[in-house]
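Asker: The structure under discussion is supplied below as structure tokens; questions concerning it will follow.
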Amino acid sequence: MEPSPASGGSETTRLVSPRDRSSAGGGLRLKSLFTEPSEPLPEGPKLEGMAFHHCHKNRVSQSGLSPERAQARRQLYAACVVCFIFMAGEVVGGYLAHSLAIMTDAAHLLADIGSMMASLFSLWLSTRPATRTMTFGWHRSETLGALASVVSLWIVTGILLYLAFLRLLHSDYHIEAGAMLLTASIAVCANMIMAFVLHQTGAPHSHGPRGAEYAPLEEGHGHPLSLGNTSVRAAFVHVLGDLLQSLGVLAASILIYFKPQYKVADPISTFLFSICALGSTAPTLRDVLLVLMEGAPRSVEFEPVRDTLLSVPGVRATHDLHLWALTLTYHVASAHLAIDSTADPEAILAEASSRLYSRFGFSSCTLQVEKYRSEMAHCLRCREPPKA
């Protein structure tokens, strides 16, 4: 295994087949990128990936966090403070109003605090350097934090749905409509503030050094869509669900304030908007489970990556192409490239790496270069995987 620089400052690893090193008759001889070749390269089209930079150049702050992760940490800290203050107010207001809907909102805020604290811990853990055991570092801890955030909300919501169902069956409860209206109004303001804090409009992305995280490419578009840190995304979805519920609670409190006989609006609003909160977290849960199952990122399809590699001059075939992700924004690829015996392996490696980084935003690529053999066309292990 030999390191090879690639454009964009991302990490690239070159694997050279031993049989290609020792092939008789002048087999593949890899020319060093750091010394002048003994003889000039043959004339041919200039490859766009021939300009290199050192493979470990990146933009990481002294604290070990990339700018995007440092921003995510600040957002989560601010949201935690706002969430705790207004959660305490909702607990008091819900107790005074005897409102299950208000207590439901407070419970969701409590779940948000717990999930954001878990996200902050996972952000800290992800800055730890890679080890010989954890060779990719601790990036996956961010995904686990997002999973814990979603699961905690589902558990709390399930309990509150059960309590709301009991209130629909039994009407022996009283609600202080004035206290409920005031608390619901404050809750709406609190969730709007948290949504503003967590909203990531114009989060930076980079087409240069890969210290900045690439967000998944939006399906059908050619530019990366910056979703920011996974934990902030999960927290933002939480807050959106809470905001919808708070608006529903506010509407119910207005109705109960003017029409006390319609107090059943309290458990009904709890029931309806808890279901909405569950539905709003389903996409995040789906993405997190896909990452944990080592699935290909939803924004990167197999065929375009394969076709990009095959379009490199000198590449005859590709096999063992694998796409996966450590987080929603940290994408990884590996592949074997079978090339012509007369092709320059270094030039092909540079061009293939450059195209993968620039077109798909991979954070890490591992490419193995080997000489093309006719039996590869019939090899069962070299066949493409079937469509899911």
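Yeah, the Cβs are placed from backbone N, Cα and C, and that goes for glycine too.
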Asker: Do you know which of Ser23, Ser38, Ser63, Ser226 is annotated phosphoserine by Swiss-Prot?
Answerer: Ser63
Asker: Is it true that Swiss-Prot lists Ala101 and Lys259 on the same side of the membrane?
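Answerer: In Swiss-Prot, Ala101 shares its side of the membrane with Lys259.
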Asker: Out of Ser17, Ser66, report back the residue that Swiss-Prot marks as phosphoserine.
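Answerer: Comparing Ser17, Ser66 with the record, Swiss-Prot tags Ser66 as phosphoserine.
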Asker: Taking the recorded Zn(2+) site as His108, Asp112, His238, Asp242, identify the other residues of that chain whose CB atom sits within 8 Å of the mean position of the site's CB atoms, giving them in sequence order.
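Answerer: Going along the sequence, the neighbours appear as Cys83, Leu109, Ala111, Ser115, Leu153, Asn191, Val239, Gly241, Ala277.
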Asker: I'm a bit unsure how to read this: which one of 76-96, 146-166, 236-256, 264-284 has the highest number of Cβ pairs shorter than 8 Å with the transmembrane segment (178-198)?
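Answerer: It is 236-256 that shares the most Cβ pairs under 8 Å with the transmembrane segment (178-198).
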Asker: Near Asp242 (Zn(2+) binding site), how many other Cβ atoms are within 10 Å of its Cβ?
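Answerer: Total other Cβ atoms inside 10 Å, all chains included: 27.
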Asker: Using a Cβ cut-off under 8 Å, which residues of the same chain at least 6 positions beyond either end of the transmembrane segment (264-284) come close to it?
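Answerer: Distant Cβ neighbours of the transmembrane segment (264-284) are 99-101, 104, 108, 146, 150, 153-154, 157, 160-161, 163-165, 167-168, 171, 175, 180, 233-234, 237-238, 240-242, 244-245, 248-249, 251-252, 255-256.
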Asker: Looking only at Cβ atoms, how many others are within 10 Å of the one on His238 (Zn(2+) binding site)?
Answerer: 30
Asker: Using DSSP reduced to three states, classify His108 (Zn(2+) binding site) as helix, strand or coil.
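Answerer: In three-state terms, His108 (Zn(2+) binding site) counts as helix.
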